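S.K.: Supplied in structure tokens, the structure appears directly below.
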Amino acid sequence: SQKVPTTYTWPQWKVPLVRKRRTVPLSSPSFSAHPQPELSGTCGIECQRRLPSPSLEDLEQFLSYETVYENGTRTFTSISVQGLNEMTAWSRNASSSSRHKREVYGTDTRFTIADKQFSTKYPFSTSVKVSTGCSGVLVSPKHVLTAAHCIHDGKDYLDGVQKLRVGILKEKSRRGKGGRERGGRRKGRRRKGDTAQDDGQEKEENGGKGRGKGKSRKNRNRRSVESEKPSFRWTRVKKTQVPKGWFKGVSGGLAADYDYAVLELKKSSKVKHMDLGVISSVKKLPAGRIHFSGFDDDRPGNLVYRFCSVSEESNDLLYQYCDAKPGSSGSGVYIRLKEPGKKKWKRKIIGVFSGHQWVDVNGDGTQQDYNVAVRITPLKYAQICNWVHGDSGACQVA
């Protein structure tokens, strides 16, 4: 068998430990903020290059977090970081100057995954809809990773967070239209496709984009095709966790690096989730390509998949060429590499899509628009692991 180059293999990182130090109660939020279709004034990659590197004390402050519970109560948890010196390999990445503008670049290369045969199967099935108007991704049976700005505008929690819900794709209606509908459902339930999908991403995901694979069966009319579209199973959120670094006045120009949050569901999902991964440079990968799926506002009710290359990266942020519209913010950005010592390919989430943003380029008020994603670093990996498992020691190697 042919040896797989190390550049095609998931690297293994020793992850720092993030420990809870102290948790104190806070007053209940007012839940008065309103969603913003796109962020502006963000200190992005260029702007952040002029900032000093945060100290350990700074990082501990930025990674401390608030938790909001479904009954409206709120706590603040301070944390400590151990093993930061293990991260010396996580060095500054060289960045290129190639850039494009706007949320859709020329020809729209987004693909609607309208057929439940694809949208309710892995990896598309890991994408969820957040009731504040964003997307998210399942990172455990009970946890969703999304963008912080989908929950909190930096000053207060959004109106609606007190009754936050997550929609997980499901197949529509058990009341069928004869044998055709039932046959479609039987096909939708098959699980054996998971292995095939892991072995052939392009086949499955490009099959989904073409929209022809599932519909080529006997030229169904429009109404029958509509019956194939998935609907959502909505689940209440038990608690929401947002890093303090996202809040106004805490991390200064580094706030964009902390645009992520984790939602814990009241009920576990039966849908397969996607693991987190850490990669030092996406641009240096052989394909250098990222993927994500979300619920773009201009295609209501449909899951939208896209893949693209990365134009620029720093330790914490990615600029990329993926076409996107509001509603896709919070989607999990993933890549696919070989597992160490195994033949199997595995997708892992390496970032959270923040969305289309107006970025402060020179620190003088000059703004440029980019599609921005927040990268999963070893420290963020440890923090999210702490939220999901209650102990970052459970994930010492990413």
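From the backbone N, Cα and C atoms, a Cβ is placed for every residue, glycine too.
Copied straight from TrEMBL:
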type: DOMAIN; residues: 120-163; note: domain 'Peptidase S1'
type: REGION; residues: 169-232; note: region 'Disordered'
type: COMPBIAS; residues: 172-192; note: compositional bias 'Basic residues'
type: COMPBIAS; residues: 210-222; note: compositional bias 'Basic residues'
S.K.: Which residues of the same chain, at least 6 past either end of the domain 'Peptidase S1' (120-163), have a Cβ under 8 Å from a Cβ in it?
M.R.: 29-36, 39, 68, 70, 72, 113, 169-171, 188, 193-194, 197, 204-205, 208, 230, 232, 234, 236-237, 240, 242-243, 246-248, 255, 258-265, 267-276, 291, 293-295, 297, 303, 305, 326-332, 334, 347, 349, 352-355, 374, 384, 387-388
S.K.: Take the domain 'Peptidase S1' (120-163) and average the pLDDT across it for me.
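M.R.: Summarising the domain 'Peptidase S1' (120-163) by its mean pLDDT gives 95.
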S.K.: By DSSP, what is the split of the domain 'Peptidase S1' (120-163) into helix, strand and coil residues?
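M.R.: So the domain 'Peptidase S1' (120-163) is made up of 9 helix, 18 strand, 17 coil.
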